[in-house]
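Asker: Supplied in structure tokens, the structure appears directly below.
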């Protein structure tokens, strides 16, 4: 075949795609090349033909059946170097085919050598009988059994090899199919023609697995029965034990471990090879497969078990795949976090993302629009809750954009109240509502702000569309946000020294647990560090107050195999971490900042009088101000007794 190269330059690409060749034009230069050799493991080499400078001539016998690219590397002198690029999947399929071919050849060679050797040994029986002397009488007595074993191997060895080979084939097929994710099979099937192997697999996976299991069972039983029959004929009852041991080792090594290891590491390529033969076999075994399927379904019904349709990929599997994609570099860590946030948004409640009422900036509805303008200049909020009489009595939402309608009407700015301009009524949502449903309501109602109510109908905060979006993409700031507002919104954890952290009270408890590598008690009712600190103290602490708490380490795993009596104290020491909490800032209503200082000296802990074990029990030292019933001494005695027991057990090894 010949190609006109009058439009090609000295650097060009010839691409093989579905029996057609494309030639991108680069520059005008006339020359021709002729195929000298073709080897898929080496670059193709072409040479110019001075007699005809406008054609490439390919020799007969050149195989272009593979999907590949030929790229001109150089065109100097009389030779042009061409490199061939195979896709990764094609190379893997070829490697699997080569592996299978080598396995078949190796098995054939072993069988041939075995049969040839058995024939030679059996032919030399008479010579052996003459050559044996009395000194090796024991070996001569064992020779008849050995001769019988060799004879059986010669007669039935080929059948046994075929059965073991089929068993290995079925094991590879089963592992390759079950290893592929359902979504991966679907993806591969969509890229194939109608008669593609993965389309066949996707159409009825159960039929393939049933066929494989039937085939595996039949060939393994047949191989075991064949060996057992021969061993029993030679060794009698002892042959059963010998056959069991030999077949156990043979099946494990030759038909289970080795084939399945190959299939696990090359699931896609192995499946591409084995699916079609299994499909043909399933047509033959279809009646048997249907009977087995009906029987298994009947047994499940008798046991009270019902099959249920599962999604292609569960949420946990999807998160696992996202983690693998992030580790492999396919996606960024931020992309992984965003996708996981979308998956978790249905389980997130409004109370977890809302702005609490104590932090809400609202305006009195009785004020004029001039007051609202001054309010907007100060806070720069585009939407402001409007209340009447009390901050928790929110009646509507005022839009700063609506002020533009009153600018031409100067007198109305003073005579019109904010409540008259506000959009009423406000959109109210329960605090238990999921963020996913809230987002849907925002889209339906075309609003960006809602008032959050508790179960008693009291206002506890507001939530905006920005709060919902931030649950997915992370915190969003604009040019008007000050440093204080950003810290108030996100919280912060600053490491002052080794084991010393300054933490903003608005920091989420999950962020604190991750940073300090600690685990909070299950079922806790707080969302921020402020709630944790208040629970640790038992009241709202003042600036300068401190308390020592015992927390559980996040990465600690209990070793059940250890002797409980001998290692209990050592386990407690490794399991828990002690922190001293000092209030850095706060007021009568809330805590603003707190310092976490890790305590490693157990003697210092023993001298402390205010240790509180946050996991799993909660104990505290009572102060004189809280002694309402006059039992201060009795209360502290109970505390001291518990404190001594806890600290001594953690101090001793």
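Yeah, the Cβs are placed from backbone N, Cα and C, and that goes for glycine too.
The structure displayed is predicted, hence computed values, not measured ones.
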Asker: Tell me which range among 61-81, 82-102, 103-123, 124-144 Swiss-Prot lists as transmembrane segment.
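Answerer: Checking Swiss-Prot against the ranges 61-81, 82-102, 103-123, 124-144, the transmembrane segment one is 103-123.
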Asker: Given 24-44, 234-254, 255-275, which one carries Swiss-Prot's transmembrane segment label?
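Answerer: Going through 24-44, 234-254, 255-275 one by one, Swiss-Prot flags 234-254 as transmembrane segment.
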Asker: Which stretch, out of 208-228, 313-333, is listed as transmembrane segment by Swiss-Prot?
Answerer: 208-228
Asker: Suppose you look only at the domain 'CBS 2' (421-479); what would the mean pLDDT be?
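Answerer: A mean pLDDT of 90 is what the model gives the domain 'CBS 2' (421-479).
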Asker: DSSP helix, strand and coil counts for the domain 'CBS 1' (354-415)?
Answerer: 27 helix, 16 strand, 19 coil
Asker: What is the three-state DSSP composition of the domain 'CBS 2' (421-479), stated as helix, strand and coil residue counts?
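Answerer: Reading the DSSP string over the domain 'CBS 2' (421-479) gives 21 helix, 16 strand, 22 coil.
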